[in-house]
Amino acid sequence: MPSRLRKTRKLRGHVSHGHGRIGKHRKHPGGRGNAGGLHHHRINFDKYHPGYFGKVGMRHYHLKRNQSFCPTVNLDKLWTLVSEQTRVNAAKNKTGAAPIIDVVRSGYYKVLGKGKLPKQPVIVKAKFFSRRAEEKIKGVGGACVLVA
(Lines of atoms letter the chains of each structure in order from A and count residues from 1; the text may use other names and numbers.)
(Lines give C-alpha, C1' and ligand atoms only; values in the text may rest on other atoms or scores of the structure.)
Protein backbone atom coordinates (compact mmCIF):
# COMPACT_ATOMS: atom_id res chain seq x y z
CA MET A 1 0.00 0.00 0.00
CA PRO A 2 1.51 3.38 -0.94
CA SER A 3 2.36 5.78 1.85
CA ARG A 4 0.90 9.25 1.77
CA LEU A 5 3.92 10.89 3.37
CA ARG A 6 7.56 10.77 2.45
CA LYS A 7 9.95 9.23 4.94
CA THR A 8 11.43 12.61 5.86
CA ARG A 9 8.00 13.87 6.93
CA LYS A 10 7.51 10.86 9.20
CA LEU A 11 10.92 11.36 10.80
CA ARG A 12 10.28 14.99 11.80
CA GLY A 13 10.60 15.36 15.55
CA HIS A 14 12.88 12.33 15.93
CA VAL A 15 16.36 13.52 16.79
CA SER A 16 18.41 10.84 15.04
CA HIS A 17 16.30 10.93 11.84
CA GLY A 18 16.89 7.23 11.25
CA HIS A 19 20.67 7.38 11.46
CA GLY A 20 21.25 5.79 14.86
CA ARG A 21 22.89 7.22 17.98
CA ILE A 22 25.39 10.06 18.23
CA GLY A 23 28.05 10.00 15.53
CA LYS A 24 26.91 6.80 13.81
CA HIS A 25 25.89 8.45 10.53
CA ARG A 26 29.23 10.14 10.11
CA LYS A 27 29.57 13.77 9.14
CA HIS A 28 31.42 14.30 5.82
CA PRO A 29 33.56 11.24 5.24
CA GLY A 30 34.78 12.28 1.79
CA GLY A 31 35.08 15.98 2.53
CA ARG A 32 32.60 18.66 1.53
CA GLY A 33 31.67 19.53 -2.04
CA ASN A 34 34.35 18.96 -4.64
CA ALA A 35 37.08 18.27 -2.07
CA GLY A 36 39.68 15.69 -3.04
CA GLY A 37 39.30 15.97 -6.81
CA LEU A 38 43.05 15.52 -7.22
CA HIS A 39 43.35 13.02 -4.36
CA HIS A 40 40.80 10.57 -2.97
CA HIS A 41 38.09 11.37 -5.57
CA ARG A 42 40.58 11.24 -8.43
CA ILE A 43 38.97 8.30 -10.26
CA ASN A 44 35.59 10.00 -10.44
CA PHE A 45 37.04 13.28 -11.71
CA ASP A 46 39.25 11.59 -14.31
CA LYS A 47 36.43 9.41 -15.60
CA TYR A 48 33.42 11.74 -15.56
CA HIS A 49 35.00 15.22 -15.66
CA PRO A 50 38.09 15.08 -17.88
CA GLY A 51 39.81 18.43 -18.26
CA TYR A 52 38.37 19.83 -15.02
CA PHE A 53 41.82 20.65 -13.67
CA GLY A 54 44.67 22.42 -15.43
CA LYS A 55 45.08 25.19 -17.95
CA VAL A 56 45.38 25.26 -21.73
CA GLY A 57 46.75 27.87 -24.10
CA MET A 58 47.84 31.43 -23.53
CA ARG A 59 46.22 34.44 -21.93
CA HIS A 60 45.29 37.48 -24.01
CA TYR A 61 46.65 40.28 -21.84
CA HIS A 62 45.21 43.42 -23.36
CA LEU A 63 41.93 42.00 -24.61
CA LYS A 64 39.33 44.74 -25.03
CA ARG A 65 35.98 43.39 -23.96
CA ASN A 66 32.61 44.82 -25.04
CA GLN A 67 34.07 46.74 -27.96
CA SER A 68 30.76 46.50 -29.77
CA PHE A 69 28.71 47.69 -26.75
CA CYS A 70 26.14 50.07 -28.23
CA PRO A 71 22.71 50.22 -26.54
CA THR A 72 20.07 51.58 -28.91
CA VAL A 73 16.83 53.53 -28.59
CA ASN A 74 14.16 54.04 -31.24
CA LEU A 75 12.53 57.34 -32.19
CA ASP A 76 9.13 56.25 -30.86
CA LYS A 77 10.67 55.90 -27.35
CA LEU A 78 12.71 59.11 -27.57
CA TRP A 79 10.24 61.32 -25.70
CA THR A 80 10.01 58.86 -22.81
CA LEU A 81 13.58 59.79 -21.87
CA VAL A 82 12.62 63.32 -20.79
CA SER A 83 10.29 64.42 -17.99
CA GLU A 84 6.56 64.97 -18.45
CA GLN A 85 7.06 68.68 -17.71
CA THR A 86 9.53 69.05 -20.58
CA ARG A 87 7.06 67.36 -22.93
CA VAL A 88 4.22 69.69 -21.91
CA ASN A 89 6.38 72.82 -22.23
CA ALA A 90 7.65 71.75 -25.66
CA ALA A 91 4.10 71.15 -26.89
CA LYS A 92 2.94 74.60 -25.65
CA ASN A 93 5.57 76.89 -27.16
CA LYS A 94 6.54 75.41 -30.52
CA THR A 95 8.31 78.62 -31.57
CA GLY A 96 10.57 78.73 -28.47
CA ALA A 97 13.84 76.92 -27.91
CA ALA A 98 13.74 73.28 -28.94
CA PRO A 99 14.10 70.81 -26.05
CA ILE A 100 17.36 68.88 -25.82
CA ILE A 101 17.21 65.10 -25.39
CA ASP A 102 20.55 63.61 -24.33
CA VAL A 103 20.23 59.86 -24.92
CA VAL A 104 23.76 59.17 -23.62
CA ARG A 105 22.71 60.38 -20.16
CA SER A 106 19.89 57.83 -20.27
CA GLY A 107 22.34 55.03 -21.08
CA TYR A 108 21.84 54.75 -24.85
CA TYR A 109 24.48 55.32 -27.53
CA LYS A 110 22.64 55.02 -30.82
CA VAL A 111 19.30 56.39 -32.07
CA LEU A 112 17.42 54.19 -34.55
CA GLY A 113 14.61 55.28 -36.87
CA LYS A 114 11.63 53.10 -35.86
CA GLY A 115 8.38 55.00 -35.29
CA LYS A 116 7.22 58.57 -35.78
CA LEU A 117 8.16 61.80 -34.04
CA PRO A 118 5.63 64.50 -33.07
CA LYS A 119 5.72 67.52 -35.39
CA GLN A 120 7.90 69.68 -33.16
CA PRO A 121 11.63 70.38 -33.41
CA VAL A 122 13.94 68.64 -30.96
CA ILE A 123 17.71 68.55 -30.46
CA VAL A 124 18.97 64.99 -29.95
CA LYS A 125 22.45 64.27 -28.57
CA ALA A 126 23.87 60.79 -29.19
CA LYS A 127 27.07 58.99 -30.18
CA PHE A 128 25.54 57.44 -33.31
CA PHE A 129 22.47 57.99 -35.50
CA SER A 130 21.06 55.69 -38.13
CA ARG A 131 20.39 57.25 -41.52
CA ARG A 132 16.60 57.04 -41.19
CA ALA A 133 16.65 58.43 -37.65
CA GLU A 134 18.63 61.45 -38.83
CA GLU A 135 16.21 62.02 -41.73
CA LYS A 136 13.17 61.87 -39.46
CA ILE A 137 14.63 64.19 -36.80
CA LYS A 138 15.59 66.75 -39.44
CA GLY A 139 12.19 66.24 -41.09
CA VAL A 140 10.40 67.70 -38.05
CA GLY A 141 12.86 70.60 -37.90
CA GLY A 142 15.17 69.13 -35.28
CA ALA A 143 18.92 68.62 -35.12
CA CYS A 144 21.26 65.68 -34.51
CA VAL A 145 24.27 66.46 -32.33
CA LEU A 146 27.11 63.95 -32.14
CA VAL A 147 28.81 63.60 -28.75
CA ALA A 148 32.01 61.72 -27.98
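For all residues, glycine too, the Cβ spot is worked out from N, Cα and C.
What you see is a predicted model, and the numbers here were worked out from it, not measured in a lab.
The region 'Disordered' annotation in Swiss-Prot covers 1-39.
The compositional bias 'Basic residues' annotation in Swiss-Prot covers 1-30. Within its own chain, the compositional bias 'Basic residues' (1-30) has Cβ neighbours under 8 Å at 36, 40-41, counting only residues six or more beyond its boundaries.
Annotation source Swiss-Prot lists (3S)-3-hydroxyhistidine at HIS39, citing similarity to another entry. HIS39 ((3S)-3-hydroxyhistidine) is surrounded by 9 other CB atoms, counting those within 10 A of its CB over all protein chains shown.
Just so you know, the Cβ of LYS47 (N6-acetyllysine) picks up 8 other Cβ atoms within 10 Å once every protein chain is counted. In the three-state DSSP classification, LYS47 (N6-acetyllysine) falls within a helix. What Swiss-Prot records for LYS47 (among others) is N6-acetyllysine, and it gives similarity to another entry as the kind of evidence.
Positions annotated as N6-acetyllysine by Swiss-Prot: LYS55 (among others). In this chain, no residue six or more apart from LYS55 (N6-acetyllysine) has a CB-CB distance below 8 Å.
Per Swiss-Prot, phosphoserine is recorded for SER68. A coil conformation is recorded for SER68 (phosphoserine) in the three-state DSSP classification, outside any helix or strand. In sequence order, the list of same-chain residues 6 or more apart from SER68 (phosphoserine) whose Cβ falls under 8 Å from its Cβ is empty.
A strand conformation is recorded for LYS110 (N6-acetyllysine) in the three-state DSSP classification. Annotation comment: Swiss-Prot describes LYS110 (among others) as N6-acetyllysine.
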Cβ contacts of LYS110 (N6-acetyllysine) (under 8 Å, same chain, 6 or more positions away):
CYS70, PRO71, THR72, VAL73, ALA126, LYS127, PHE128, PHE129, SER130
When the compositional bias 'Basic residues' (1-30) is classified with DSSP, how many of its residues are helical, how many are strand and how many are coil?
4 helix, 0 strand, 26 coil
